[in-house]
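Record features (Swiss-Prot):
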ACT_SITE  Asp145  active site, proton acceptor
BINDING   Val28, Ala29, Ser30, Gly31, Gly32, Phe33, Ser34, Gln35, Val36, Lys51  ATP binding site
DOMAIN    22-289  domain 'Protein kinase'
REPEAT    361-390  repeat 'ANK 1'
REPEAT    394-423  repeat 'ANK 2'
REPEAT    427-456  repeat 'ANK 3'
REPEAT    460-489  repeat 'ANK 4'
REPEAT    493-522  repeat 'ANK 5'
REPEAT    526-555  repeat 'ANK 6'
REPEAT    559-588  repeat 'ANK 7'
REPEAT    592-621  repeat 'ANK 8'
REPEAT    625-654  repeat 'ANK 9'
REPEAT    658-687  repeat 'ANK 10'
REPEAT    691-720  repeat 'ANK 11'
REPEAT    724-753  repeat 'ANK 12'
Amino acid sequence: MAADPTELRLGSLPVFTRDDFEGDWRLVASGGFSQVFQARHRRWRTEYAIKCAPCLPPDAASSDVNYLIEEAAKMKKIKFQHIVSIYGVCKQPLGIVMEFMANGSLEKVLSTHSLCWKLRFRIIHETSLAMNFLHSIKPPLLHLDLKPGNILLDSNMHVKISDFGLSKWMEQSTRMQYIERSALRGMLSYIPPEMFLESNKAPGPKYDVYSFAIVIWELLTQKKPYSGFNMMMIIIRVAAGMRPSLQPVSDQWPSEAQQMVDLMKRCWDQDPKKRPCFLDITIETDILLSLLQSRVAVPESKALARKVSCKLSLRQPGEVNEDISQELMDSDSGNYLKRALQLSDRKNLVPRDEELCIYENKVTPLHFLVAQGSVEQVRLLLAHEVDVDCQTASGYTPLLIAAQDQQPDLCALLLAHGADANRVDEDGWAPLHFAAQNGDDGTARLLLDHGACVDAQEREGWTPLHLAAQNNFENVARLLVSRQADPNLHEAEGKTPLHVAAYFGHVSLVKLLTSQGAELDAQQRNLRTPLHLAVERGKVRAIQHLLKSGAVPDALDQSGYGPLHTAAARGKYLICKMLLRYGASLELPTHQGWTPLHLAAYKGHLEIIHLLAESHANMGALGAVNWTPLHLAARHGEEAVVSALLQCGADPNAAEQSGWTPLHLAVQRSTFLSVINLLEHHANVHARNKVGWTPAHLAALKGNTAILKVLVEAGAQLDVQDGVSCTPLQLALRSRKQGIMSFLEGKEPSVATLGGSKPGAEMEI
């Protein structure tokens, strides 16, 4: 029996059939030229992705089948951590069996998730690594279909690219056929302008660089390029030098994102020769990812809005308050309004039936007379058995109005006639809340004597004791705690009265509440204690009393920040000193890994750096991605901060996770004085990071002649190769910066010879 012709052409490439997989094939992606199914292998119990070409029927032409097989064979040979693995071909149906990527394509993720900056940068960097690998193959393998749909993400959101096989299509198609086919495949936006302008030129590596730039734009903005434009409009715009809008680019983005935008612009340059190669791109994306990962997130100070009733007083001296007047004016009975306004002047205060009715806004004569402060007239009206607890449309009872207006006689009169001391308005405020807000201990005592709930909580959970603590009314607070008010009740965000008193720095209230059993370390929802709030606001006396009373100086909030972290980040020298005296830890890390010294270095607080150093803080403490305080200072701080840390004993040669030393960062940032300072403290000029770059490589890449001269004088060698055999000399030549070129020509006569041999030729594809 003759062998299957397909098998004859497969060589060592494994062949699968539908029977090798379980019956349930799940469609996970579909495009104009292919469908991707998820299927489980029967024996291996492993999930695979099977990319089928619905345009190729079972009796497809042998050339089409051969193309698919050739493509699979080519892809299977390529082994790299950021390129999807190929396991073989499927005969029935015809397709390629490949590694299953749990999170699907970047295209799908961008449309359904908001990605953090760190993840966006990592995807950009890993994509550049994959493309650099393809371009470094001999001969270079061009992708020619780089787009979010072909950037796949595994279960940990790491990148693997697929579908780098369009070169055959291009060889077999006319330019117009290729463009039309690209439009159908949804990749027109990723085609560079030279493809529209130069009819005979074959695509080169810079084609992929342009496509990569559009991918960067999509990742940064999470939008679709050229949305709303038809095929011809896109071609015309791109050919004319126009690109996706930069309007979404925001000044609020981190500085590293602004630098990524600069890289993106260079990658989509109209002139292919001016676009960087992927080797250079990986250098920049690695730098930017490393810098972004070291960013310090200091929790923002959240102002505590002063709690007040949302209602204005219904009575103003000598006249009817505007609110109550407006409610009366809004009534649908103008005649009644006139009668009601005359009540205070009438000797006969017995109202007619129509005057006792409730109107649209539910304001009654009793509300009006209470707002007027007319005790005797209210007494006469109450004698006619009116509803003493009648409520306006906003829930106001006469007693609430009297309490808000600080009318103790009216409150007593209304309570004597059975007014409910716990009836609340629409915001949940009881009369006792108003008395506490006003510091009216007389009315508060009267209300409590008539059954007012001492721990009544309004809609957002505030009690009268919270309000007394906020407004520094010790008289009311003492009355409330004498009536067993609970000092540990939490409002909606978790604040106790002690949180409120500490935030506003009301020392007398802090002392009173702590003496009455308030929990010193009670936590809000964000886990902040009263001490956190007092430190954040700089309330020294409140801090002092809390610490004396036994508050824990190292309590951590939801970001892992203790009071000392906050004080160090905000430059509160005296508070730092006080916290250290009460035993605050110098080495507690936040969730990002930052110690108080990291934060002081990041913010540039020199006094606090010296204080922490004198207190024996670890100058080499490792934070996020193993950055020391000196790394943060070299990257973000002023030269004086770098100098202070070095004087205090910081190690100038500490290497972070990717091998970057403070000298690398100072060179990358072009801070000349920091470079000098680090070298004077014996920074290693030959230090190499994980990809083999020395500080001299970075100086050459940045085109900074002054710093490169200093490094050379300190012994830097210009012929040291990095991980891809590139020297600072070669980077300098490729940067084409005149100052660097002039310096090198004078410093190193052999540069001309090196230039003649095209030092970057093996990388510049």
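Keep in mind that glycine also has a Cβ here, set from the backbone N, Cα and C atoms.
Beyond its flanks by at least six residues, the repeat 'ANK 2' (394-423) meets 309, 311, 313-315, 366-367, 370-371, 373, 375, 378-379, 382, 388, 429-432, 434-435, 438, 440, 442-443, 446-447, 450-453, 456 of its own chain at Cβ-Cβ distances under 8 Å.
In the three-state DSSP assignment, the secondary structure recorded for Ser34 (ATP binding site) is coil.
Here the repeat 'ANK 7' (559-588) is broken down by DSSP into helix, strand and coil counts: 17 helix, 0 strand, 13 coil. Across the repeat 'ANK 5' (493-522), the prediction's mean pLDDT works out to 97. Of all the recorded positions listed (Ser34, Asp145), Asp145 sits in the most crowded Cβ setting, with the most other Cβ atoms within 10 Å. Helix, strand and coil residue tallies for the repeat 'ANK 4' (460-489), in that order: 17 helix, 0 strand, 13 coil [DSSP].
Its own atom aside, the Cβ of Val36 (ATP binding site) has 23 Cβ atoms within 10 angstroms in the protein chains shown. Between the CA atoms of Ser34 (ATP binding site) and the residue listed as 'active site, proton acceptor' there is a gap of 14 Å.
In the three-state DSSP assignment, the secondary structure recorded for Val28 (ATP binding site) is strand. Taken residue by residue with DSSP, Asp145 (active site, proton acceptor) is part of neither helix nor strand, so it is coil. In the repeat 'ANK 11' (691-720), helix, strand and coil residues by DSSP number 17 helix, 0 strand, 13 coil. The helix, strand and coil residue counts that DSSP assigns across the repeat 'ANK 10' (658-687) are 17 helix, 0 strand, 13 coil.
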